[in-house]
Amino acid sequence: MTVRNDGSDTATVVDARLVPCALAAWAVTLLGLYTGWRIVTAVAVAAVVGCAVTVRLVGAGRIPRGGARILLAALAVVAGFGPAAGLRMWAADQHPIASAAERGAWAGVVLVPTDDPRRIRAAAFDDTPRVRIPARLEHVTVGGRSMDTGGSVVVFAPADSWRDLLPGQSVTARVRVAPNTGPGTTVAVLRAERAPTAVGPPPVWQRWAGTVRDRLAQVSSAVLPADRAGLLPGLVVGDTTALTDEVREDFRVAGLTHLTAVSGANVSIVLGAVLLLVRAVGLGPRSGAVLAATALVAFVVVVRPSASVVRAAAMGSIGLLAFVTGRERQALPALCTAVGVLLVLMPDLAVDVGFALSVSATAALIVAAPPVVTRLVDRGWPRPVAEVTAMSLVAFVATAPLVAGVSGTVSVVSVAANVLVAPVLAPLTVLGSLVAVAASVVPWPGEVLARGTGPFLWWLITVADRAASLPSAEFEVPDGPVGALVAAVLVAVVWSVARHRRVRITALVIAVAVAAVWLPVRMLRPGWPGAEWVLVACDVGQGDALVLATGDGRAVVVDTGPEPEPVDRCLRRLRIRRVALLVVSHLHADHVGGVRGVLEGRSVETVVVGPGAAGDGAADVLGPATEIGVPVREVGAGAVLRAGDLDIRVVGPAGRGTGGSENDDSLVLTVDTVVGRVLLPGDAEEAALDALVRSGTDVRADVLKVPHHGSRTTPARFLAAVRPSVALVSAGRDNLFGHPHPEIVSTLSGMGARVLRTDLHGDVAVVRAGSGALAVVSDVRGTIEP
């Protein structure tokens, strides 16, 4: 089977005969990882039967021989890969540690990390920074039994005592064992609370690799600004530990995140530089091959031979091989072969999004890039510009559905951003690699070279920042299969339009006309609520839903309103996709009925409820959280929750049922922010609020969420103790309760507070003004002056 690309008078024929085999191998491995060894073994047996039937039909002349060859090859792959995947899954199911994992037992283990520890966000209730470490299990002692064993595990452990471990270093530890709930061959998840004990040193090559990585980070931070210092190690060795949140988010929106993950492009650039050096000094092909292979092995060791790095090395080698030999027709068969080999060695790659993105992009570059380059050159484009544009375009087209399905977003600026940064990537990668090598020997030459990377890094950061700040730089689609389908349809429509000149011209005229009206409006009127927002009271009707910015791209959501749609809409406007804490003040429907609107399409780390609330009929309202594995925690007065830059203190209630009504069981929170203190008392009424004041608790605040939607149950002495400069009332328009009560509004106004109401002002944001002072912005009325 061949694919003919007709880009001009000449045609490029790509050998695609192995594509069905690669897809069959991937599909059957994926089936095994998700369904287990029994089903995939049955499928393999069916494939064997299918092979026999096909041979019989070919012999009878009922199936053409050409099509039968492809079918037989695909069925043979299924028959072979099925048992391979099934055997791995059977071994994982029967692993000796599996029963201990089901019981949540403690065990002593000897394990060997297979990658560097990666920092993860600590839970809001845990001050201990933690790391995630993939490892190979070598020995386990559980329930009085000791056994030598193998198997892949994932370890979650305290960062201070585990972060310096190197791959290959054997350690012992006491851990709690939990089952692996995701697809794949990982036999268990281990949670450690204490430091490990070293059994032996890491191999020499891993110590050398660790030195290279550490010295690169050190010289970067010594001579470069923080944003560039964090970016250079990410570009060179995939170390994003010091990458700032701003750069990380800009790269994500601009579609440049792949630059901070070691990819086939890195491998190709490094090997290409080695081969150019070989040719420059006049060495023969054998010597060049040896040096290139040595460089490849060293590169893989330094950036760590994890699954993604091995995949990148394979894909990069394929692209370089096709370039060096001039045999582009062989690139696709080589890619298909690499996919099969890697899936046999590491079946978990079948569910690795990075692997899927890499294969899709590489296949697109092989099949689709050459004809696009030809078309652009025929239209007068300079060949270098045509090649960069074609590669960025086809890679985007091939990966957009996958990215949309995973993240729920499609970057509109990705192609342009990648074209703009392409010229600096090769010199930056080569220079960055030289920095790493030089710094590992003597720091000062590395520092000199690191200074030379500054202009290139500045360009990358500038392009990412400008692209990400454009109006509607990305648009949201449903995540999962629906989002992938939506993105695929959009890409197909745009691609089809681009192939017809008249339609293309018409679409261009319409786009220019729309942009001429829309872009100035968007760019002259800053997006609501602006970058410096601190707190938003969402207009969710008769209910509460408040959002606090954590300063690290996440948010804390306090209550969800009565329905999912309004709070979801508010969070989308704020571009919130990660929620550090979802705090439910109490279990009334107008505060928790919209919980699905927060959970769906977002990552929520923890749900927080008041004393006794988790076990008091909460299943109906908090069920959506427990269904997807989000932990639900109870807190009471005295607890401190941490999320990003926020310290959230629980000042009430002391216990459940201590007030005069269910509303008095509401959690009362104080939050210290960059614009002052915020007080969030839920629906607490007179008894609870009086008790709070009498207890001597400091309730003074700059911003008050008025209790119980502005009901008369708020005593004036409480308001006098708070004396806010801004009072937020969350109430529904024309509600039947008369909220907020005129007396409460009058009392607050008499104190000099600005009273903002969601029923009149819509979504209301408390922001930090340019002077650093507190300001209030309504999406209906704009900025509300003091």
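Yeah, the Cβs are placed from backbone N, Cα and C, and that goes for glycine too.
Note: TrEMBL annotation is automatic and uncurated.
From a predicted model like this one, the values you see are computed outputs, not experimental measurements.
What TrEMBL lists as domain 'Metallo-beta-lactamase' is 542-733.
Taken from TrEMBL, the feature transmembrane segment covers 12-33 (among others).
What TrEMBL records for 39-58 (among others) is transmembrane segment.
The transmembrane segment annotation in TrEMBL covers 70-91 (among others).
Sequence annotations record features per position, and here TrEMBL assigns transmembrane segment to 256-278 (among others).
What TrEMBL records for 290-310 (among others) is transmembrane segment.
The transmembrane segment feature in TrEMBL is assigned to 330-346 (among others).
Residues or ranges marked as transmembrane segment by TrEMBL: 353-373 (among others).
Feature annotation from TrEMBL assigns transmembrane segment to 393-417 (among others).
The transmembrane segment annotation in TrEMBL covers 424-444 (among others).
Residues or ranges marked as transmembrane segment in TrEMBL: 480-498 (among others).
The transmembrane segment annotation in TrEMBL covers 505-521 (among others).
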Mind pulling out the one from 12-33, 39-58, 330-346, 393-417 with the most Cβ pairs under 8 angstroms to the transmembrane segment (353-373)?
393-417
For the transmembrane segment (393-417), what are the same-chain contacts with Cβ under 8 Å, counting residues 6+ beyond its ends?
253-256, 353, 356-357, 360-361, 363-365, 368-369, 372, 463-464, 467-468, 470, 472-481, 483-488, 490-491, 495, 577, 601
Who are the chain neighbours of the transmembrane segment (424-444) in space, where the CB to CB distance is under 8 Å and they lie at least 6 residues beyond its ends?
208, 211-213, 215-216, 218-220, 222, 232, 235-237, 259, 265-266, 269-270, 272-273, 299, 302, 450, 452-453, 456-457, 459-460
